[in-house]
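Note sheet for the following structure.
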């Protein structure tokens, strides 16, 4: 009997094993039936089945499975299987979600029946699994059923395998599963309940199935999108036609197949090149593709219909997708070929054979289906009650929420819904009221579509049925019971169809956008806003707006700083309208619906267009209290938020509702009081304006004095005018009696409404040079002074009143003329005319003063010139001046601008002016401001003088309106068809369907790429000005071929030949070309450009101002809907800095740009040879993409705060090309070592004989910068004066302004700091040169070696421009790429003593140092040996360390303040003496270290990225191994007792500048700054024992650049001051270190969810970083945050174990070496970060700064240690770590993919919704316009209201589309960064000794590009965070407003 039992047990075990390993549905059921029969189990006994089965099958394999299932069943929610023991459930559908729901209900103890209409699991399609899904399935024993389940990094499984796993688990838990049974419908309980209580049943096929009598209480629909359960309405999410193709190929599991990489997904939105290549090679056009390797090779792709038609897959094109994809319309053979071709290309033809797998029908497993529409149920559950029987109806899986397949959300969200449904059943079974059950379920369902792997709880072990364990911040009561009453369906409700009840008891939510809006309400609102404005009387929505004044008044009422309303002329309709259109477009993102010309040409504007346009203002500003007239002045006082403009503009498309907080308008005041009070306020403030302007714009004291004199004249004039006004009888009467005196009674503020600083902006029209501008005027185009700049740019033209800047009110006085006017005017008006005569006389005096000053300036300039310059100047004055000037004009005006004389700066057309719309009038004003300080610039002195001469001898020009019109930008030319004609198809385009870009209007469908015909988006396109064509970003690079480049160059050369005698002088004198189009190289985007200056698409920035600064470049931000192109021109007063739009402008200007690119970027002698490479660079990626609202923040920054004459075009071009040119840093190190010393010598010495190319340079300008690229080799082209940079050195500055005040003023002037800190190498030569100025925001100017790059434009365009770098610090893409060599002359020359003493004597006297610094130019003579020593980057001396300590002490003393630039001229004597003493004290120890490099010249040059490499390598090693390695060679370093230990706080992750400045710092700078900090911080790892060769940088330099480039040795004692903001260091570490990948998700930008949700704010993340105890916490999540006090001694704790003594005492390496290593190892182990361990291990014993250099063999010994490190890497790096890193990288890639797919899908849905609303809008518009037969039969008011709602809906969709595009851009950057990181890691895994020059260059290039991407991402994240903060603030304001009205605010 015992034998029989044993045999039976063995047999049962075998059958159970067969059941577990069964691979088909039928086989599983068969094995299960055999098992139950064998063990005498009753499957229908669901309560006891599992326990009986477990007791009878007890093999070791089975026990492991029972353990898994028991652990799951032990959750308290199940109550040991008794929670729902009385509930019967029917589940329709045996898919993964249905089975998972059945398992949960079985655990609850319910009776569960599953019906499945099939008996096979044949779907090989692969599902992506979220981490929690994998964990959940493992908890169910998935690994026991399927051994390959998620092995390694696999995170997907085929549907078939998943179904089998869940199928078997459900059977074991007692779930009753019926196959081949189809559910038909639910049968209600019969009415006759007396005899027998019969509840809810179902009808099945076959009809006689036993289940037909099964009564159930709960029915759950899990039958996919068929959704056979009634009562659930579905919402359709319709995108573009999406045809999905799935293909399964046989997997033979061969070695070749195993090597093929899977494709987690390729999203079109950030990998377009892949799809373009696929289309070009195969003709297959896809939107995405995924490849998973499972039991088959599974491919799924989304194909475009046209591609399928072209390839013959679809035979005929039908609109109906069902007909389109029906079997009769599909060629199966072509479909197979299509799928195979796509799979081959996607896998790079690596799969040896692609034979199709066979599906359950015996056919090749290829399917094509429609994913155009996705559906989601409006509700997740409902309750039915009949005959006292309740039925709970629920949906799960695709029935509930249909997934978009590329996102991989189907299974994950399906499982979550299954848990939520089981929780609902449990609640209902326990007696919870039905409405509460439904309300809770709906609350959870609202969360479901938003779930992502990132925003659900990460502790998967705690997951239970309870939703609180899965959803963070859960609110189960967000839906109230009364809101789901319609879901409880009883007999009494039968008469109400379900559709009706869908709207019953809907909550009365208050939403700003949902409130009732009618056109008459819009009219009333407009009347309120324009009340009190002269000549503005709004009575309707058509004619009242024709003059443009009403539009300007609306803008002025909310943002008075944007428009100078006083200066507007009522009769100038075109200008007024265009001004309003341009300002609204630039500031608010409101695109124009017409043009100024069209408004002027029609008597009555189109009503619908005006309603649509005005509705956007209404939507933007409604609910905003009116601004009181008299309070406007105070809004722009010292505390004004000048930064609002930029952030407002950057985010205007994201959210057009950003009202400024204003106090209510006080209407009680009389008009007279208003006028007089405002006038008096203007007078009282006039005296304050110059000082404030000087402060806000960084103007010099000298200019403040000059402006004070000027303003005295203005002040007197205004006082007279004010006195006159006060004596008049009544302003209102004056308005009636004297209507033509337009300036008298306007309720517009003169100076009061203007931001301070514009007092220096006279509204002058004549071309005579006048007042010098503020010294740093062009630097004001930053956020801080953005408003000021805007006001400056928007002073409209007034040709009749040339010299009256502040007398806007009396402008019309001067326009009055003729006796007839006098006769008809009342006495007061005649008095006004008399007063105007006084004003004229005052003006004449003013003009004479200005002319005299300009002449004196010209004389001074002339006498400072050399012979050639004087000759050129004289020649230009006597007969030859016209030639070059005309040439300049012709070059700079690609469009048909009349070549006005050079002395008169042609006013740009306001319709297209890159500056604010009134730029045409701004030009003269700017011109006046730009003359005086031109003398301070050296770049183009000759041309300046020529212009000055011509200006002084030309009659004043009166710019008539026709002239202005001809000079206006042709943004909206009428010749293009006007607003009602599509630019492409030339057909009618109605208002609702009208899109606009580049001044053209078109249909959405017509907006296509000229090459590939892909539909473009208004937020992302490229435009060719010449051809008038639009391109996608991929094809824009090809729009100008190399032949056209050659053609341009040929034309340029021919033009130069024709000009005969002028080539040399012209090359030397020429300004920067106005428009640089270098088709690809010039493509950049102005991150740093101010939002207040958009570039207009058609306007040529080419007009050369006579007084313009030589290298001024206009950087303007494109309007929200457009791309940017590079326009490099002598901008207007430098206020528009580097307009960047992706355009190819005229051939002339492009050619000029190419020819001048060398001089633009720097004196590159190979500019001509390098130019052809520019357009041939690889296709653009992210930098080209322009997005609607955050264009400035998404892409490469543009330098705005360069020095007075620095070319602001340089950084933009440089970064633009850098991303395209992988070879941009070729030869950078070789060039540096070969050129930097000679270049520095030249920089420090005056030119002995200036070459012809530098003829225009001032004698004080060293020739090194004009021809420094290749010594002795110069070309005219490459050394034009534009390359000279004015650094305001004493030798070159005419205003006696020292650099320090300049920078201090500049610090005050700029509202935000520079975007990217500049890298400055630690080379001893460079470190000892004081050439790196750091502005208070930490901005550094470029180092000299970067200028010396000799590979032409390509080198000059290098983004980071770190032609030299040091092991210790790595280049971060810089903002100001080039070090002006005047600063070399000032700073580097000043440090000649430092250089020479470091290289030779090692000492210098303080007097000598001071003297040499004052000399400015002194030649440095070095021997070859000394040069070699200086250029050896490993050469460090004791002197450096002492100097660095000194610098650190200095830095520590001023820790809380902004870091002031320390110029040589301002370095205090005390500091010099202290430095001298330090050097003397260490002089004796310097020699051995200095000799070390020469003793080890044999090894190959080290990789510039070796520090990062070794840091990451160490992070791969276990901490113990790293500890052993380091401790094997203890370092002998001592800290002399007598030396201070200022280094303990030397390095800190902090912003530069005060808290105020810090708050304004751009996020981009932080990323790059912290990037530099990180790699310096990581540096100890790289040279484990080379510290004896390493010395910190020069103390003076250190004091400036410390926060940007911390020294290696400072790492061990890094501290985090409480005030510091640890911004983006953790982010960067996560991006660059391998360690982080295994420890948690990325922070920063990566957590932007596709739905616009953020899991955790970036600010909170930074706060956490601050609170971490030490640097190790940067690599770990802060689970235990220390008290605030722990923030300061961040690293000191970490270092204390290294040395038992205090930091100030002597550390004895002999006693602390090994112990310290062990202690640090222990500490690092606690931190859990091997990277931190390695960092501290290296720097631990070396924490004391000073080394013991007595051992001459230390260098070689340390080299041995490094060699050992490299050799042991391959041996010690565990495979598991590599696997883990690979897995984490793949997971991150998958996250990005799914986000991208979601964004892509949502974009398509938005596009469809837009199309639908446009169709409806056009229909309504036709009716309203009377174009249909039934037009007169409908109520116009009702139609207009309906149409208006459609307009608002379209506006919202456009904003949403913009936000999606921004998210796509962020993902693109993230993906690009990840790929760069992986590539960099692969490069660094190569042994150092095996690397050649190319490897080093590639590493450098990759790193530079990665830093740029990091910076862009960080900037974007910060911008989005700011936007969210604003939105929250606005929402709070709105809620307060609603609550104040006594309303209840409920959210639905």
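Glycine is treated like the rest: Cβ placed from N, Cα and C.
Swiss-Prot lists 97, 116, 117, 118, 123, 124, 125, 183, 298, 398 with the feature FAD binding site, giving similarity to another entry as the kind of evidence. In the three-state DSSP assignment, the secondary structure recorded for residue 117 (FAD binding site) is coil. Sequence-distant neighbours of residue 117 (FAD binding site) (same chain, 6+ residues apart, CB-CB distance under 8 A): 179, 180, 181, 182, 183.
Residues or ranges marked as phosphoserine in Swiss-Prot (evidence: similarity to another entry): 631 (among others).
Among the features that Swiss-Prot reports, region 'Disordered' is placed at 664-709 (among others).
Look at Swiss-Prot and you will find 693-709 (among others) tagged as compositional bias 'Polar residues'.
The region 'Disordered' annotation in Swiss-Prot covers 753-776 (among others).
Here Swiss-Prot flags 891-923 (among others) as region 'Disordered'.
According to Swiss-Prot, the feature compositional bias 'Pro residues' maps to 896-917.
What Swiss-Prot records for 1045-1134 (among others) is region 'Disordered'.
The annotation compositional bias 'Basic and acidic residues' is assigned in Swiss-Prot to 1050-1059 (among others).
Summarising the annotation, Swiss-Prot assigns region 'Disordered' to 1146-1185 (among others).
Annotation comment: Swiss-Prot describes 1233-1243 (among others) as compositional bias 'Polar residues'.
Residues or ranges marked as region 'Disordered' in Swiss-Prot: 1233-1298 (among others).
Feature annotation from Swiss-Prot assigns compositional bias 'Low complexity' to 1254-1271 (among others).
Among the features that Swiss-Prot reports, compositional bias 'Polar residues' is placed at 1277-1292 (among others).
Under the heading region 'Disordered', Swiss-Prot lists 1478-1505 (among others).
Among the features that Swiss-Prot reports, region 'Disordered' is placed at 1519-1622 (among others).
DSSP assigns residue 123 (FAD binding site) to coil in the three-state reduction, placing it in neither a helix nor a strand.
Sorted by the number of other CB atoms within 10 A, the binding-site residues 97, 125, 298 start with 125, the lowest. In sequence order, 158, 159, 160, 163 make up the list of same-chain residues 6 or more apart from residue 123 (FAD binding site) whose Cβ falls under 8 Å from its Cβ.
Within the set 97, 116, 117, 118, 123, 124, 125, 183, 298, 398 that the record links to FAD, no two Cα atoms are more than 31 Å apart, and one pair reaches that distance.
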